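A.B. asks: Dumping what TrEMBL says about this protein:
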type	residues	note
TRANSMEM	B:12-31	transmembrane segment
DOMAIN	B:100-287	domain 'Protein export membrane protein SecD/SecF C-terminal'
TRANSMEM	B:126-146	transmembrane segment
TRANSMEM	B:153-175	transmembrane segment
TRANSMEM	B:181-202	transmembrane segment
TRANSMEM	B:231-253	transmembrane segment
TRANSMEM	B:259-284	transmembrane segment
Amino acid sequence: MRVQKGKIVIFSLLVIAILATVALTGQQVAKNITLGLDLQGGFEVLYQAKPENGQKITPKVLNDTAQALNRRIDVLGVTEPQISVEGTDRIRVQLAGVKNQDKAREVLGKPAKLTFRTPDGKDVLLDGKDLKEGAAKQDIGDRGQPIVTVEFKNADKFAKTTKKYLGKPMPIYLDDQEISAPVINSVISNGEAMIEGGFTTEEAKEFAELLNAGSLPVDLKEIHSFAVDSALGKESLMKSMEAGLYGILIIFIFMIGFYRMPGLVAVVTLVSYLYLVLLTFSLLQVTLTLPGIAALILGVGMAVDANIIMYERIKEEIRYGKSIPSALRSGSRRSFLTIFDANITTIIAAAVLFYFGTSSVRGFSVSLITGIVISFFTAVALSRILMTLLVRSNMLRRPGWFGVKESEIGEL
Amino acid sequence: MNFNLDFVGRRKLFLIISAVILGVGILSLLLQGLNLGVDFVSGTRVDIKIYKPYSLEEAKDHLEEMGYKSPDARKAGENNERLIFRTSQVLSPDEVDDIEKTFRDAYGKQVRVNEQKVDPIIGRELARNAFISVLIASVGIILYVTLRFEYRFAIAAVLALFHDALFVIGIFSLFQWEVDLVFIAAVLTIVGYSVNDTIVIFDRIWESMSFDNPKTWEDLKQTVNGSLQRTLVRSLNTSLTVVFAALTLFIFGGESIRYFSLALLLGLLSGTYSSVFVASQIWVGWKWRSMQKSTLKAQSAE
């Protein structure tokens with residue numbers, strides 16, 4: 001068998017291209033990642049709940065308000081808020097990496113009370129409590145303008161109201177501001193209403209989300225707000241990253257020591273795994289938190305595992321006396337199903353966690369799913385491409401390159 | 001490499017070891033519970049306005065001298081001139097005065113201290129949510145594994161998953177190590193690893209089963225032992241690499257994630273152990289019993 005130089009050249013070019021991309025853009029990618037409150041600190045607001053017209057502030061009201069704030073923070077696209085109830089009437093909200101603090105205050109603090117009023121705008125006919133939960137959405141009106149559609153729980157009540165004020169305007173208010181004053185042209189019996197307000201699509205969407213998040217049960221007054229340092233502190237974050245690097249280096253050395261040439265391929269695929277995960281995070285603007293990092297570590301584990309499963313299988317086939325090219329073929333085919341089953345099971349678990357989980361649990365599952373999908377690509381596809389190139393080049397003729405001793409062959 | 005280890009023959013011993021360890025953990029959970037950190041229990045938040053630059057390490061040292069062990073303190077404010085300290089104790093006015101006095105002695109008379117009682121509803125909600133989500137995720141795992149293999153694998157894999165989660169939670173209860181929000185992430189990681197690790201081994205057993213088609217207990221034992229032996233190097237190497245990662249985090253990762261990496265470390269070890277010594281052993285016993293039943297049925301039908 002002649003050594004095929006062409007394959008070696010392609011292999012080397014691929015490896016060089018991967019390493020060069022990582023070396024040149026790696027830092028840039030890492031810098032673009034948003035870190036969570038637990039890693040980078042953030043912005044903190046303390047609110048005081050103010051009772052209005054005879055309302056009592058009970059622990060339940062405070063809890064409901066905290067939950068409503070939590071839902072609103074989702075509107076802001078911030079992950080992992082920390083919200084706590086303090087004393088008898090205070091709520092503390094901590095947000096990570098919020099760039100626009102004014103915007104955050106606006107979304108958080110707005111009572112977001114939607115009212116449908118009499119033509120003179122003085123009396124309230126219907127309000128946000130009459131709306132069906134979660135049914136508000138952004139839509140496009142008949143003239144192509146962005147609108148928000150809402151649905152009433154009690155269609156009869158709405159039908160009666162529209163009958164009573166037929167031909168008259170029914171102004172719609174958000175808090176104390178009139179946002180539109182549609183004239184009722186017909187009795188609406190299906191309980192659905194459209195709100196026009198000269199919105200941009202963005203505004204209409206945000207408004208719909210705000211309505212879905214629910215109005216705040218109480219008025220909130222901001223007592224103070226300031227920036228906070230991370231729970232870990234910069235120093236320990238640096239320490240942890242350093243520790244992570246050592247860990248990865250040890251894995252690299254181990255893989256090369258144990259699996260030789262394939263180990264080297266594994267190292268290249270692991271480097272691309274880490275790079276692609278970080279790239280995905282920065283492109284999707286996923287906030288990286290400590291639970292996210294835990295999921296990443298698990299992802300590294302699973303990527304290494306996929307490589308190990310494949311190489312062990314190939315070694316096994318070599319020991320049975322197969323030639324290296326055919327051992328590679330059957331070894332990678334057989335290991336594929338195993339890796340696929342293990343990964344799919346974990347993805348199913350992670351998807352369920354995402355669907356039912358909140359904040360941290362969600363952050364964890366997003367990172368885990370990203371990690372598994374990418375590891376499937378690097379540890380299975382890329383690894384196989386590189387291995388096949390190496391084997392086809394006829395460079396890897398000795399079982400020793402796979403960490404198999406000549407004496408072991410055929411003993412099983 | 002040729003192993004000749006009889007895993008199945010000693011399976012009762014392994015199951016007893018696991019049962020004893022879990023039993024101790026559950027007992028400890030019932031008797032002394034978990035040492036919950038500020039993320040889960042009511043406590044006090046102390047806001048210390050220092051009004052000048054200071055060193056966080058030094059400030060923490062002052063708190064430690066007053067008896068607050070590894071205090072959860074961080075810098076805050078526009079110019080980092082405040083210190084925020086949280087404790088799971090409810091502080092008396094005297095204790096707050098003590099803190100004020102100590103900080104005034106250290107940083108001058110301008111220091112002001114405010115305290116607030118804190119009720120971390122989000123932390124508790126999160127823990128409950130995580131628990132429920134894991135239960136539902138187990139159903140998802142059972143469904144997939146049942147469709148792909150058989151329900152005995154599914155139940156055994158999920159039992160191994162709870163074995164690992166419970167093992168770590170039990171150890172944390174036994175030693176009263178503090179449990180915080182990040183602990184939840186560690187347990188989720190362990191759950192993910194445990195399932196992944198178990199399925200790889202089951203995959204191999206499944207493959208060998210269709211190859212060997214065992215009829216007697218000796219054959220079944222040999223098939224399972226053979227599968228475990230052939231995946232042993234993979235099991236060892238994979239767990240070795242993840243344990244390396246967790247161990248470096250534990251050693252070099254600094255004080256604040258020490259318990260997190262400790263939980264990971266214990267869970268990863270348990271995850272590897274349970275795939276070989278718990279999940280596979282539960283399965284082989286169960287499988288044998290149902291094989292016997294179907295033979296009896298076949299015989300009586302004749």
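Using N, Cα and C of the backbone, Cβ positions are placed for all residues, glycine too.
These figures come from a predicted structure and were not determined experimentally.
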A.B. asks: Which bits of the chain, at least 6 residues beyond where the transmembrane segment (B:12-31) starts or stops, bring a Cβ under 8 A of a Cβ in it?
C.D. replies: 163, 166-167, 169-171, 173-174, 274, 277-278, 281-282
A.B. asks: To the transmembrane segment (B:153-175), which of B:126-146, B:231-253, B:259-284 is linked by the most Cβ pairs under 8 Å?
C.D. replies: B:259-284
A.B. asks: Should anything in the same chain at least six residues away from the transmembrane segment (B:231-253) have a Cβ under 8 Å from its Cβ atoms, list it; otherwise answer none.
C.D. replies: 1, 3, 5, 193, 197, 200-201, 204, 260-262, 264-265, 268-269, 271-272, 275-276
